[in-house]
Amino acid sequence: MNKANKRKTKPQHDMADENSPISVRILRSELQAYRDGMMNDIKTQIDNMHENLREDISSLREEAKADTNKLRHELSQKIEALHETHAETTSIQKDMERALCDTTDGLTALEKDHETLKKDYNKLHDKCLDLENRSRRNNLRVVGINEDAEGGNPSRFMAEFFSEVLGKENDDSLIMIDRAHRTLAPKPRTGERPRAMIVCLHYYTDREKILRLSREKGRLFYKGSPVHIFPDMNPEVSKLRASFNPVKGKLRNAGVPYSLYYPAKLTITVNNAKHSFTDPREAEKFVSTHVQSPATSTA
């Protein structure tokens, strides 16, 4: 039986050996076919992916191109608007420059005209002052006469006043008075300062004589009250002349000769030299440095 079995077994073994190469070829063929199929599938998928990628790239490119064109168009519009704005601004700037140049030229012309008008005004102002003061050159201003003392005839009263106040020195010739009146101010109340008397003399020489006599006599009194006689001048000139009063007081106290010329020029004589001033502050400085007060000289 063993031999029989061995016989039976041997043919099976031989059949397996004979079929083994066929199976390998089949397997190899199937693997090759599987590989080819896989390769084809991969290639197909790669081709599909490549095609999809190409389509996506093309789509992105078109979108990017469209966005770029849109942005370029918007930028172009904005740049064009900026150019228009810049052109308009440049035009406005040029107009403003021309207007400024015209204004500057006009202002320069106005300044020249103003200087000319200012000079003309100053000349006319000085002429008006001079004319007004010339119209008053025969006038005197008397301060300190009690209110209503002149009665109903101011001209006659003032003639008697000068005769009484100035004394016999004034009796050598008759003083002709054209008119006399109080200043045009409201009548003061009782106890207030009386208004000044304005006296218009017929002759200028009478005015100068009265002023000279009043200076020579010094302090004047009428019925026990102090009175003062001044030239009647324009208020502006009077104010300028009054600004020298403090300096004149120091000069009188120091015994220094001086003169106040029209309209307001103070001339001081120190050591036989004359010094003229139109500014009270400059005159004050000069007196402080060159004129000694009586107390200082005594000490």
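Every residue gets a Cβ built from N, Cα and C, even glycine.
What TrEMBL lists as coiled coil is 43-70, 107-134. As annotated by TrEMBL, compositional bias 'Basic residues' applies to 1-10. The domain 'L1 transposable element RRM' feature in TrEMBL is assigned to 137-229. Look at TrEMBL and you will find 1-21 tagged as region 'Disordered'.
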Intrachain neighbours beyond the coiled coil (107-134), with Cβ under 8 angstroms and 6 or more residues off its ends: 233-234, 236-237, 262-263
Arithmetic mean of per-residue pLDDT over the coiled coil (107-134): 93
